[in-house]
């Protein structure tokens, strides 16, 4: 949510920031609503003052036995009372209209975010690792000999439809090992607190984390009104909704491994083969709650936490800074980490690490008490994938594939796989 005071103070800067995202100016329409709302509030306050004055004079007239003045003042009190109610109702309606308009407007990009239209304008920050040099044409994950029988799309389609998969046997175990490895690394090495969170959330949690109203069509809602989370960013971030935190308690660093659900409403025809884009998938999420002056450093810390997972797995990747046209709705700045997929001969997103500034905090009224004793301020919230488990599985399988259809697995997973380090061409761990 945007700070209406900032828009009042510098509407040109607000419109310029929207223009960087390719949006039309909106300050004039917003401020017209704001002015009308404030006028109604002032009218209600003035009418209330007049009502209070008349109420006091009613008593005086009654005590003096002045019935004519008493009746006149009593009628005035009723008139002002009705006017107060009318003005307050009008102000409430205008406030709701203003809030609705603001809730559809994307976050303001940070100054260092590159301007651009789409992913072609993103800026590469760094690369890590050597791309594997195969003496054969590498296959996509679902075509690899040891994988094909354990990645069952047909049975999943029979039970659930398109964009679902049933992982079986050794591949299911590798998938589970990856999620455990990620959580253990974040808790034991990165100092995050593990949370086992709900995956069903209320409207307030979706709104507070900027998923409503913008992304209603991309999400699944149950018949009794709960929403299935598209990311555990939602329940993790919303843990501080309505709170006033002590500065000494910050930063708060959380992680969770959950199922996630997305309708992929805008992805028709994209990545239809394999398990790269699914309606149901698993992800390990990181969330940080910080003081404003710490959020930029915290974003870099979270980025390194995500990159470290890939480095421990030995998976080549590149990190890119997203341009204004490719950045998500709630983000002020986003870094994407893209893992190398030999089967596609391309880097594909495996993590996004974003800072939202106080955009989400304003929506959910999450604040902290500064150490100097000043008035409560809004916290900053950050989120990042650490990592998308299914996409990490794809990267492990494609980068480790061998000519005979087997897959050499990252050594760091051996402890989760009973000491086994290879997925055989027959689909067993050896």
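The backbone N, Cα and C atoms fix where each Cβ goes, and this holds for glycine too.
Owing to the predicted nature of the structure, the values given are computational and were not obtained by experimental measurement.
According to Swiss-Prot, the feature L-serine binding site maps to 231, 232, 233, 285, 385. Summarising the annotation, Swiss-Prot assigns ATP binding site to 262, 263, 264, 349, 350, 351, 352.
Spatially close to residue 285 (L-serine binding site) yet at least six residues away along the chain are 231, 232, 233, 236, 255, 256, 257, 258, 383, 384, 385, 386, judged by Cβ distances under 8 angstroms. Ranking the binding-site residues 233, 264, 349 by the number of CB atoms within 10 A of their own CB puts 233 at the top. Under 8 Å, Cβ to Cβ, and six or more positions away along its own chain, residue 351 (ATP binding site) finds 306, 336, 337, 384, 385, 386, 387, 388.
In this structure the residues listed as binding ATP are 262, 263, 264, 349, 350, 351, 352; their two most distant Cα atoms lie 19 Å apart.
A helical conformation is recorded for residue 233 (L-serine binding site) in the three-state DSSP classification. Taking every pair among 231, 232, 233, 285, 385, the residues listed as contacting L-serine, the largest Cα to Cα separation comes to 9 Å. Non-local neighbourhood of residue 263 (ATP binding site): 217, 218, 219, 220, 279, each in the same chain, at least six residues away, with C-beta under 8 Å from its C-beta. With the fewest other C-beta atoms within 10 Å around its C-beta, 231 stands out among the binding-site residues 231, 232, 385.
Residues 231, 232, 233, 285, 385 make up the record's L-serine site, and a Cβ search at 8 Å around their centroid adds 229, 234, 236, 256, 258, 260, 283, 284, 286, 287, 383, 384 from the same chain.
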